[in-house]
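**Q** Okay, handing you the structure first.
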Amino acid sequence: MYGRYTQDLGTFAKDEAARLRLQQGHGEGGTPRLRRPSELLEYTQGRCVRCRVCALQCQRFLISKVGEDWVFLILLGLVMALVSWAMDFAIATCLQAQKWMYGGLDTNVLLQYLAWVTYPTVLITFSAGFTQILAPQAVGSGIPEMKTILRGVVLKEYLTFKTFVAKVIGLTCALGSGMPLGKEGPFVHIASMCAALLSRFLSLFGGIYENEARNIEMLAAACAVACQAPGTHLGFAASLVRFPPVPGVLFSIEVTSTFFAVRNYWRGFFAATFSAFIFRVLAVWNKDEETITALFKTRFRLDFPFDLQELPAFAVIGIASGFGGALFVYLNRKIVQFMRRQKTINRFLMKKRLLFPALVTLLISTLTFPPGFGQFMAGQLTQKDTLVTLFDNQTWAKQGLSDEFEYLGILEAWHHPRSNVFVTLVVFILMKFWMSALATTIPVPCGAFMPVFVIGAAFGRLVGESMAAWFPDGIHTDSNIYRIVPGGYAVVGAAALSGAVTHTVSTAVIVFELTGQISHILPVMIAVILANAVAQSLQPSLYDSIIRIKKLPYLPELGWGHHEKYNVRVEDIMVRDIHYITLNCKYRDLQHVLHSTKMKSLPLVESAESMILLGSIERAQVGALLSHQLSPQRQLQALRQKALAEDGHRLSEASICFQVRGVATSGMPSQTYPSLPIPALPIPALPVPSHPVPCHPCQSLPVAAWPCPNTVSPAWCQAQGMAYRKAKHVRISITEDMDLGDKMTPAEILEWEEQQLDQPVDFSSAKIDPAPFQLVEHTSLHK
């Protein structure tokens, strides 16, 4: 009914490949030649031949049964779990060392300040210097570069082992300093480098690891592993959190891919789940956790988590977070542009590369010093401790503040005797906002997700505490009173602001798995969607903004508010008066095209009448063709041909005379011939036989220019021919080494170039793309 092929395409391809292999296996005589598999050739010699062959066969069996994808993904998840665990251990050790130094000097405030400021400054300066020396490509987040790489653009040195080392060490030092920096973006870059290096290593064994297209798919899976791999040991009190497997994969798809292949879906989930499992098992084995649970386990009410009348407050959080996310992206971009546009500052910082990160760290550390201004913004808490307190179930503003914080442990950091919790939260939000925007611009490996996540949680907590103060007894519903839960507002605010900055919706799923509860699923989704709607209409995402700053080759999508552009067609914006090259054009036409247009790629058509597109040719290729045609080598070749033509004409008219030396036989008188216009070379004196034998005209000499004396032996003629050829070679070599300016006048050079430009173009040596990307006239701008 639908029609079918006469033979299955896969079967036909296998039969054709077998036939070709059989043809190649036959020798010249038509007999089959036994061939070993290419993988076994290196094992045919040496010791333990059988063991090596057996190991290779076992490897084939395991790969055929288990599958190369599973092996690769297991190795990738294992490596990322180990790298994440080691980095978290080092980061936690650095943070504990800072707390130990600060706590041990409590008797002297000045020494405390010096320790509090010097420690992060040294770490940040070392991170910036180490990264700049080893691999400058490791600076920054890494997600903008991965978005560009996954679209097919090759960025050199971004996926090398050197960049991997610089990223890991630099990120560890930067996060160990306690600065408001994130880890999720850099870990996407680290996981991608692990995947690239692992593919490069496994390609030594052959197989599908040599396929470039498959490596792109593995990079997409690596990004999914990265978004859940950054772990934090609760016992270490590290400054970061990690994403669970499911939202980590979703987040990676949103931030790195515009079009995601569904066949990579299971790869991302499998590698992410395996990596998360190994990481949490390591935490339990190291006695940092008792079992595998949620990182920020909350205990919100399940029977009545929120009232429907609270939904407007959650919507306000989403809208305000949208404006806040757009402002954060705008502020981050303006700081970078200001540093670049001020030529004096830019020139100074280019000479003193480590001065800017040191000054920024010094400023932020001074402002967060706990006995100083930091007491008004909980400056002594790390990012993880801050999230633990903000997600707390208790209501801070429910009663008098003087008695609330006495038995709350780390919550005491939010309490100040001369201010209330609202002032502390407002100061924390405002100060952390611009500090995070400034800190993410320093040239160290760092991200911005976690600082924004913490700021959003603080803003949600502020709204929740305000609601609890306005409704101290809760909202009355059918004679039932349910108090406000400010921790739920903090969860909503964290998801909304981080989603607004990154333009993602998967942050809603992230907070569900971080807290272990989905009781606030509806408020979180409402806030995240509203925040994305507002932020996308005002600013690009933080990663797209960095792409614009770095001017990476990336085409963004049409954002909100551009609905009229969906009706724009290619014919509305296309350039119609296009310059093209025909297959039968001349070099003069190439010169005219290069002078009249600056297009990087030119269309190649069959003729000006048919206008049939044959392909595209790069501008550099056209310039190379023209340069080769008018090159000095071709001038030299033309000059050489002209000189040979003149010499041949002169030799044909002149006679040749040789004075035969060393011949003094009575029967052979010496003969004199006209002189040959060649350099005098020593001619070997050969004995002339007593009975000269007439010889035929010598084959080694030009017959027309060198009459052979038929009374001389053939050996003598051969010697004279060798001398003539050597003299001719010397004359040609001398001609090649002479300056062209001494042989061709400017007028002659111009005349020669005009002759060359009138010749037809030879495209045999040009690289032509036979299948360029094409769009029809009615293609929409959106597509």
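Each Cβ is built from the backbone N, Cα and C atoms, and glycine gets one as well.
Automatic, uncurated: that is what TrEMBL annotation is.
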**Q** Quick one: which of 449-471, 518-540 does TrEMBL have down as transmembrane segment?
**A** 449-471
**Q** Checking feature assignment: transmembrane segment per TrEMBL, candidates 150-172, 311-333. Which range matches?
**A** 311-333
**Q** Which listed range (113-139, 265-285, 311-333, 354-373, 449-471) shows the maximal number of Cβ pairs under 8 Å with respect to the transmembrane segment (421-442)?
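**A** Against the transmembrane segment (421-442), the leading stretch is 449-471.
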**Q** Do any residues of this chain, six or more beyond the ends of the transmembrane segment (311-333), have a C-beta under 8 angstroms from a C-beta of it, and if so which?
**A** 433-434, 436-437, 440-441, 448, 452, 455-456, 459-460, 463, 467, 489, 492-493, 496-497, 499-501, 522-523, 526-535, 538-542, 545, 548-549
**Q** Under 8 Å for C-beta pairs, could you tell me which stretch among 70-93, 113-139, 354-373, 449-471 has the largest tally with the transmembrane segment (265-285)?
**A** 70-93
**Q** Within the same chain, where does the transmembrane segment (449-471) have neighbours whose Cβ lies under 8 angstroms from its own Cβ atoms, ignoring anything closer than 6 residues to its ends? I mean 6 or more beyond.
**A** 180-185, 239-241, 310, 313, 316-317, 320-321, 324-325, 328, 383, 386-387, 390-391, 395-398, 421-422, 425-426, 428-429, 432-433, 436, 439-440, 483-498, 501-502, 507
